[in-house]
Amino acid sequence: MADSNRPLLSDFNSSESNLPPPRSLDEMIEQCIGNFGWAQFLQAALVSLAWVFDAQQTFITVFTDSQPTWHCTESERVESVCNTSSSNLCTLPNKTWSWDFNPHVSIISEWGLQCAGSFLKGLPASSFFLGCLIGGLVLSTLADSSLGRKNMLLLSCLIMSLSSMLTAFSTSIWVYAFLRFLNGCGRTTIGTCALVLSTELVGKKWRGKVGAMGFFCFTLGFLSLPMLGYINNGNSWRYLYVWTSIPTLIYCCLVWIFVRESPRWLIVKGRKEEAVSILQSIASNAITMSFTNLCFDVQEDQSKSNPDVYDALKILVRKSWSFRRLLAAMVVGFGIGMVYYGMPLALTNLNFNLYLGVVFNALSEFPAFLITFFFIDKINRRDALIGFTALSGISSALIAVLGQQLGSLQIVLELVSFFSACTAFNMTLIYTIEMFPTCVRNSAIAMVRQALVFGGVFSPVMVAAGRENQFWSYGLFGLVIALCGLFVFGLPETRGSVLCDTMEEEEYKTLAKRQFIG
């Protein structure tokens with residue numbers, strides 16, 4: 001074992017190339033916790049479960065805000081002016097048609113929005129994504145600065161659960177849109193905190209697989225929606241919000257009781273005793289190492305200072321290399337997010353059953369998860385991202401170019417495009433984890449997720465415009481994701497790399513890699 005008196009995170013001078021690389025927390029924690037054990041698995045699984053509720057709130061408006069089917073009233077007098085296949089609902093007299101189900105099945109029929117403009121119909125979905133953006137700006141760095149990973153995850157789930165419950169009691173489209181905005185504010189940091197917390201509990205050998213657990217849970221949450229929607233078919237849309245909010249509230253209690261804070265974050269913040277206690281609780285039984293003899297020294301000015309909320313973002317922007325990485329990753333995320341969030345909404349523009357379309361989209365996330373889970377340690381991040389963004393772009397563009405000529409092949413191309421976007425989405429988040437050190441990692445992922453959501457903000461508008469001309473939906477989807485994917489060329493390859501904990505360590509690693517290649 002190395003000299004215990006040697007600082008773990010030592011000062012670094014990039015001009016002294018003969019210095020040995022600083023010892024990282026990744027190596028130290030792997031020594032502490034040994035092999036991947038049940039304690040770590042249970043912690044990672046419980047944390048990753050948050051993605052289930054995240055997915056439900058992200059896509060729930062596909063059913064609650066959909067326009068219900070309608071029929072002409074059975075009267076020979078109106079048959080000549082009413083036809084469900086060719087008539088415009090807004091031009092028909094009220095007595096000539098009727099909804100197939102109770103008006104309370106959707107906000108469109110309950111509040112009489114069938115003839116409202118696209119802006120008003122899409123206001124709740126846009127408000128949700130806008131809430132994700134605002135919430136991300138306000139909350140994104142709290143997990144790195146003051147609250148930590150666990151408390152930020154708990155706070156986000158609690159806000160999302162309570163706002164979802166209140167949404168069931170909305171009295172108008174404006175109240176509904178505001179509560180969806182509040183829901184988005186809470187939801188925005190759930191995936192980030194869950195991903196970072198679960199991966200920081202393990203060493204690099206299991207990092208990719210543990211990260212993929214979150215994507216699997218997100219898929220389960222997405223897949224549960226058409227099942228809940230089908231069960232709720234014919235009943236009030238309000239029940240969907242109740243059914244999804246109560247389990248989230250129960251989950252908050254489980255997080256508070258059982259989930260442990262990230263030992264990496266505690267060490268960086270100087271809370272070494274707590275970190276040692278957590279490492280002991282999740283360590284493999286086979287480990288006999290004395291935790292009290294381990295050295296977790298960090299720079300005093302970094303660990304004991306009390307930085308303001310946005311210090312992590314300031315650090316990211318201050319360094320040119322980190323700013324370039326962050327900017328390129330956000331551009332890539334913007335293109336992926338536009339397709340990922342837009343494709344399920346655009347299913348209404350295809351001649352295909354909505355429930356089956358959502359089921360197929362949710363199921364297409366499983367192969368995306370399997371690829372991430374089994375091959376994340378074997379494939380280069382850059383090559384994979386470029387390939388999947390290109391495939392998604394081409395498939396989406398073909399839908400717009402060929403249109404109705406494709407027939408049933410439209411849904412096949414849609415699934416290929418969505419599957420590619422899903423895989424790219426998963427890999428982008430893991431890629432971001434590996435590109436940034438512990439001190440700013442949560443903030444970096446939060447910003448990339450913000451870019452993903454920002455792409456989703458434009459999706460409802462493009463979907464509405466695409467009802468008349470599919471170029472404005474599928475055509476732009478394909479063009480944007482393909483062009484944004486090219487920015488991956490500006491990012492370093494990180495497969496097999498060790499997680500760094502400070503900006504100095506990351507600079508040292510980058511310099512050493514360049515010298516090795518040179």
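The backbone N, Cα and C atoms fix where each Cβ goes, and this holds for glycine too.
Which of 210-231, 276-297 counts as transmembrane segment depends on TrEMBL, and there it is 210-231. Taking every listed stretch (153-179, 210-231, 409-432) in turn, the largest tally of C-beta pairs under 8 A with the transmembrane segment (383-403) is reached by 409-432. A Cβ distance under 8 Å defines the sequence-distant neighbours of the transmembrane segment (444-465), meaning residues of its chain 6+ beyond its ends; these are 118, 121-122, 125-126, 129-130, 132-133, 136-137, 140-141, 143, 188-189, 191-192, 195-196, 313, 316, 322, 326, 329-342, 345-346, 348-349, 425, 428-429, 432-433, 435-436, 472-473, 476-477, 480. A Cβ distance under 8 Å defines the sequence-distant neighbours of the transmembrane segment (409-432), meaning residues of its chain 6+ beyond its ends; these are 191, 195, 207-208, 211-212, 215, 329, 332-333, 336-337, 339-340, 343-344, 346-347, 350-352, 357, 360-361, 364-365, 367-369, 371-372, 376, 381, 384-385, 388-389, 391-393, 395-396, 398-399, 444-445, 448-449, 452, 474, 477-478, 481, 485, 491, 494.
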